[in-house]
Amino acid sequence: MSKVRVYEYAKEHQVSSKKVIEALKDLGIEVANHMSTINENALRQLDNAVDGTNKKAEAPKKETTSNENGNSKGPNKPNMTNSNEKSNKPNKPAGQATKPATANKSQGAKPATNKPANTSNQTQSSGNQQQAGGQKRNNNSNRPGGGNSNRPGGNNRPNRGGNFNNKGRNTKKKGKLNHSTVPPTPPKPKELPEKIVFSESLTVAELAKKLYREPSELIKKLFMLGVVATINQSLDKDAIELICDDYGVQVEEEIKVDVTDLDVYFENELNETVDESKLVERPPVVTIMGHVDHGKTTLLDSLRNTKVTLGEAGGITQHIGAYQLEIHDKKITFLDTPGHAAFTAMRARGAQITDITILVVAADDGVMPQTIEAINHAKAAGMPIIVAVNKIDKPQANPDRVMQELTEYELVPEAWGGDTIFAPISAKFGEGLENLLDMILLVSEVEELKANPNRRAIGSVIEAELDKGRGPVATLLVQDGTLNIGDPIVVGNTFGRVRAMVNDLGRRVKKVGPSTPVEITGLNDVPQAGDRFVVFEDEKTARNIGETRASRALVAQRSATNRVSLDNLFEHMKAGEMKEVNVIIKADVQGSVEALAASLRKIDVEGVNVKIIHTAVGAINESDITLAAASNAIVIGFNVRPTAQAREAAENESVDIRLHRVIYKAIDEIEAAMKGMLDPEFQEKIIGQAQVRQTINVSKVGTIAGCYVTDGKITRDSGVRIIRDGIVVFEGEIATLKRFKDDAKEVAKGYECGITVQNFNDIKEDDVIEAYVMEEIERK
């Protein structure tokens, strides 16, 4: 029989191997370590010693158990005829433990039914050898993996013989099966937020994440609300508000600000509330407008000379297109060329670069077309107007007539009860200039023009050029803040750092305040007139914004729409870019203008109308070209010619100018261009016939028809029909046309040729090959 090792015995009795070794030494049995084996005699002695100790420890507990149950009987023990059977633990009832530790452990186990073991009966009737064998088997049954009833989930019946391993496995499986698994509690959904913030749009998944809900739940709600959406589909503002309203959650849309948009900084300046104590009075910015030869340039020259006589010695060369004039310790800023592109571009963008407009009207000429145009420009910009009645020194001057004519355009003099200031002057002789300057200062005081000099500068570009020695040079007008040397700046689509600044006197300055013109260098490229500039905190930010704006401008330039002309009008209409044709009419007399306009308005082709945006009498000037470029219009001139400046501007702006001397030709040209929108009509034309006289089959080529041209001619690029007994059997194109072995472009009547037809080899002798072309016919 096998022997038991020390550690196995210790494990069965739930004691340490050290205590077992000490107990064996007390019995006089020497063991080396926990791996040593214990023979049967030593094992019997050790069991007797352990039983004696356990009985002393269990005696009080057993009495307590008997008293509690009201039973005076002792513990239930099987009848033993042999003293050696007292140490046989499996012969006791399965529910009773042999040691306190085991008893405590078995108390939590499920109670089992006590059954007599067949092995015990066999052991009682057997000899000493069988009893010893039973003792050994029972000891093995208490080892780990056996069917010991003292272990949780174990089998209460004693094991039989050598089947204890299988019993142990079954017992463990039963323990696992009997163990009840509690399902995990599903997590509680988070509480809905009080408010969510979004910008532009959200997908269903993003909205579900913000609401702490599953996307499937939102998809169901959206479907019930009439919105069909998938998990990755973007929801607009209405759908987001709809679903959040259903949940009772507030919605707030966050508007993202494009930091590369310079207009945002100007809007913030207008909207932000500034401490009045930080604002200081700034000089007014004045521009001069009027009709040709009414004295605008003379007035500017006179004002320059006045500046020289007032404070400067000698003649001063003007370096930039704007200058300042000081009178009564107050400054006035004048734009040198009020009609140039900078003013037009700024007015179109709504930029309030100028504060006051001086309208120059000749006293001997009165109100002219450009005068009316200047009035409309000033009103569109919302600027106050001061009327300077010039040339009062001439004998035929009549200022009252000028006042009377201007009342028709809501410019009523103060002397007549209106609110428009009229200042009679003589720019040539310098009369009335000081009074005009005083009126400008008076209007500026009424307007309360103020700015904050303690902020970073913003403003607009008056003009710019590329200087050979200094590189890109830009003339800026500071509208608010203070511009310093070294400031990182973004000007339109360019950027840089201000290296040098030169004022209108040609002197270098270190800083300039509001309403001051200055010429700067240090940009990476030449900006456009009318661009805005903004000073930033650091050069890195300015560079990033400038490069982003430049790249966007390049993309926009590549995808820009070409100007409309009569030649490409149909392409624009077909692409859906236009639904009407904008036209500017200029003629020699008003009657021709009205007749031409009335005739053009009657043209209606496929729902596309002619829209006349401007009519006037006189030559085509630069203002007409500017308007045509802004509105994508075509300029029609009747008995008039464009000026040299207008022709140059038209070339630069790609504006189409059409000149006519006969009115119906102008009408026909516009109508013909509009009819180009209709699909062209084609008509078939038979150009020749050929009779097939012989066919030759060639591998990799197909069937070659040897033909004789009986009528007209056969061309290489014509379409053909194969006619057999008067029936068309195939229609296609010629693949090859040869005369002898050479390729031919065409074969005339009376000549022989070889023809192969694309995708057709079933050519028979006596077939007729008919050649035709499609010709476009003119619409009527």
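Glycine residues also receive a Cβ, built from the backbone N, Cα and C atoms like all the rest.
Residues annotated as region 'Disordered' in Swiss-Prot: 44-194.
Swiss-Prot lists 53-65 with the feature compositional bias 'Basic and acidic residues'.
Per Swiss-Prot, the feature compositional bias 'Polar residues' maps to 66-81.
Here Swiss-Prot flags 82-93 (among others) as compositional bias 'Low complexity'.
Annotated compositional bias 'Low complexity' per Swiss-Prot: 117-168 (among others), in sequence order.
Annotation comment: Swiss-Prot describes 281-450 as domain 'tr-type G'. Note on the domain 'tr-type G' (281-450): its mean pLDDT in the predicted model is 78.
Look at Swiss-Prot and you will find 290-297, 336-340, 390-393 tagged as GTP binding site. Under 8 Å, Cβ to Cβ, and six or more positions away along its own chain, Ile392 (GTP binding site) finds Ala363, Pro399, Pro424, Ile425, Ser426, Glu431, Gly432. DSSP classifies Ile392 (GTP binding site) as coil under the three-state reduction.
Look at the region 'G1' (290-297): DSSP puts its residues at 2 helix, 1 strand, 5 coil. Swiss-Prot lists 290-297 with the feature region 'G1'.
Summarising the annotation, Swiss-Prot assigns region 'G3' to 336-339.
Residues or ranges marked as region 'G4' in Swiss-Prot: 390-393. Panel annotation: around the region 'G4' (390-393), residues 294-295, 298-299, 360-365, 399, 424-429, 431-432 of the same chain, lying at least six beyond its termini, place a Cβ under 8 Å from a Cβ of the stretch.
Here the binding-site residues are Gly290, Lys296, and the one with the most other Cβ atoms within 10 Å of its Cβ is Gly290. The Cβ of Asp293 (GTP binding site) lies under 8 Å from the Cβ of Ala362, Asp365, each of these being in the same chain and 6 or more residues away along the sequence.
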